[in-house]
Amino acid sequence: MTNIRKSHPLVKIINNSFIDLPAPSNISSWWNFGSLLGICLALQILTGLFLAMHYTSDTATAFNSVTHICRDVNYGWVLRYLHANGASMFFICLYLHVGRGLYYGSYMYMETWNIGVILLFAVMATAFMGYVLPWGQMSFWGATVITNLLSAIPYIGTDLVEWIWGGFSVDKATLTRFFAFHFLLPFIIAAMVMVHLLFLHETGSNNPTGIPANADMIPFHPYYTIKDILGLLLMITALLILVLFSPDLLGDPDNYTPANPLNTPPHIKPEWYFLFAYAILRSIPNKLGGVLALVLSILILVIVPLLHTSKQRSMTFRPLSQCLFWLLTADLFTLTWIGGQPVEHPYVIIGQVASILYLSIIILLMPLTSLXENHXLKW
């Protein structure tokens, strides 16, 4: 009798994706983040579903419904903080996952990479809309400022903003539609994740050397299932420490004040995971220029495969490129810090220098350094 694992149409797909999948024998813990992102997505959908059972998307009651969840619903506070801090863990894993892709040249799998960039945009959109839902001060003003950026688009800008708002300001219609989209998008993301995996399994995983590992493959289970479980335990531990000891560490105190259109908070800023892009946006004095730079800061990932000039795929054996990569990492930390600071000297100039450095490392310095390394190796 044939094994059900290999004969049943549905189980066969799972088998070929997670059990008998041939994987390179040398992939490091940097390859754990894909599975962690899957767990994060499942956790967010699950906690979000239970939160949605008690949440009301009406401007009059939204803030109170979140308070009600935290105070009156059984373990509602756990659900709420798991969801809020789960988003932070999601973005930590996302940025590490993208960083791994950049370092080891995984972007050479073009289809997988481009679907990944679209996924990044979708997750960012979902997180932004989710931040609006508690209807605190930062929710309201964050929504106002970020959606208002679209008015910089020539000719159709103002109409587009009013269309998204459903009126002449961020109000009840905006909150209702943001809730609808925030609920819907994670399921679209889940479907796109399957496409992401489909493309990945067409080529197989990359590995730290960047050299094809076809001669030395091992089954995904038990080797990498065990390895992934270790990563999962570490992530869940970090998340639970965050939720149970300092749930508001990454949040903004202003969001505990109900939304008030007549009172602007002194410093409007998004959640920490958007601060680097926000800093790039603010570093350009022109509105349209800022919006373009904001979009380009993420969209630039799409052209990274086209800028690959090295004869080697991975950075493992390229010390000069490694230096640039870590400079880029430090630059992103700097931008994140600047995004949370007020718009005054010296933060403005630091933000502008960091923004120029960010773009020039990716567009100019990386390709030139790769060419220099090729030349040094006489390739």
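Just so you know, the numbers here start at 1 and follow the chain as drawn.
A Cβ is built for glycine as well, from the same backbone N, Cα and C atoms used for every other residue.
What Swiss-Prot records for this protein:
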| type | residues | note |
| --- | --- | --- |
| BINDING | His83, His182 | heme b b562 binding site |
| BINDING | His97, His196 | heme b b566 binding site |
| BINDING | His201 | ubiquinone binding site |
| TRANSMEM | 33-53 | transmembrane segment |
| TRANSMEM | 77-98 | transmembrane segment |
| TRANSMEM | 113-133 | transmembrane segment |
| TRANSMEM | 178-198 | transmembrane segment |
| TRANSMEM | 226-246 | transmembrane segment |
| TRANSMEM | 288-308 | transmembrane segment |
| TRANSMEM | 320-340 | transmembrane segment |
| TRANSMEM | 347-367 | transmembrane segment |
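Taking every listed stretch (33-53, 288-308, 320-340, 347-367) in turn, the largest tally of C-beta pairs under 8 A with the transmembrane segment (178-198) is reached by 33-53.
The stretch from 33-53, 113-133, 226-246, 320-340 that makes the most Cβ contacts under 8 Å with the transmembrane segment (77-98) is 33-53. Long-range neighbours of His83 (heme b b562 binding site) (same chain, six or more residues apart, CB within less than 8 Å of its CB): Gln44, Thr47, Gly48, Leu51.
Taking the Cβ of His201 (ubiquinone binding site) as reference, residues of its chain lying under 8 Å away and at least six apart in sequence are, in sequence order, Asn16, Ser17, Leu21. Counting residues 6+ beyond its ends, the transmembrane segment (320-340) has Cβ neighbours under 8 Å at 99, 102-103, 269-270, 272, 274-280, 282-283, 310, 347, 350-351, 354-355, 357-358, 361-362, 365-366, 369-370, 372-373 in the same chain. The list of residues near the transmembrane segment (226-246) in space but at least 6 beyond its ends in sequence, with Cβ under 8 angstroms from a Cβ of it, reads 29, 32-33, 35-36, 39-40, 78, 81-82, 85-86, 88-89, 93.
In this structure the alpha carbons, written CA, of His97 (heme b b566 binding site) and His182 (heme b b562 binding site) are 23 Å apart. Rounded to a whole number, the distance between the Cα atoms of His196 (heme b b566 binding site) and His182 (heme b b562 binding site) is 21 Å. When other Cβ atoms within 10 Å of the Cβ of His97 (heme b b566 binding site) are tallied across all protein chains shown, the result is 20.
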